[in-house]
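> Got a structure here, written out as structure tokens. Questions coming.
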């Protein structure tokens, strides 16, 4: 078994109103110097050793992310 | 086929809300409504399908992302490929985009707020199966209620939609969600599959809706089915 992390982020050119709302709230709490926030998703999968990278890529591309608006990255982090 | 002989199916997913109103709209238009179940890989011989609004599968992952894998959707995609009229309203529009029957995706409203109000729309295309009853340029008052209705697609896709006349409706008198180019609804290449965020099924009876402006969508599809 291995742990696989899939990060899904809105594409840079896609408006991210949730990230903007977080960014706008930071100065109100006294946190300065943070110019941008992008909000995405992180998935953690427990994966059998015989699941190959191509399969993981298809899971990310076809299901966990919508490639019209989101980029994804898959990485194995060990168990 | 007679109007009452036309059978229009309405899918119910876990979390669908507007399946009842959609079936009522079908009956009000004079057709026969058929309940379709998400887990049932069978369209029961219907002549058209409506994917209704709501929060299928709790909007988990992304709106419509889980529903596209429901057994009934495999059959809807297959039937749409053979030319069956399909209408997706609100969450149904999101499902059709996720399923690849329509381009683009619906994202979080730019103002972040859930918007619930009666909304003016302009009819851009009256040649699709679902819009023939409207005059081009006609303005309709139809309820909207969504938190994730901002239509997004890449510019070349938007250019192609506009160039091919596939934008069915645009928001007028204020864009409620930040949709690209004020798009409220679109159709596929053949004009058979349509999706929109506003709810025509909530505007079929002046007693319970702001207008009966939405009834034309159901009557339009019925015209096609009766003529077939």
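Every residue gets a Cβ built from N, Cα and C, even glycine.
Keep in mind that TrEMBL annotations are predicted by a computer and have not been checked by a curator.
Sharing the record's features from TrEMBL:
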ACT_SITE  B:90  active site, nucleophile
ACT_SITE  B:199  active site
ACT_SITE  B:201  active site
> Looking only at B:90, B:199, which of these active-site residues has the biggest number of Cβ atoms within 10 Å around its Cβ?
B:90
> Can you tell me the CA-to-CA distance separating residue B:199 (active site) and the residue listed as 'active site, nucleophile', as a whole number of Å?
7
> From the Cα of residue B:201 (active site) across to the Cα of residue B:90 (active site, nucleophile), what is the distance in angstrom?
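Here the two Cα atoms lie 11 Å apart.
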> Using DSSP and three states only, what is residue B:201 (active site)?
helix
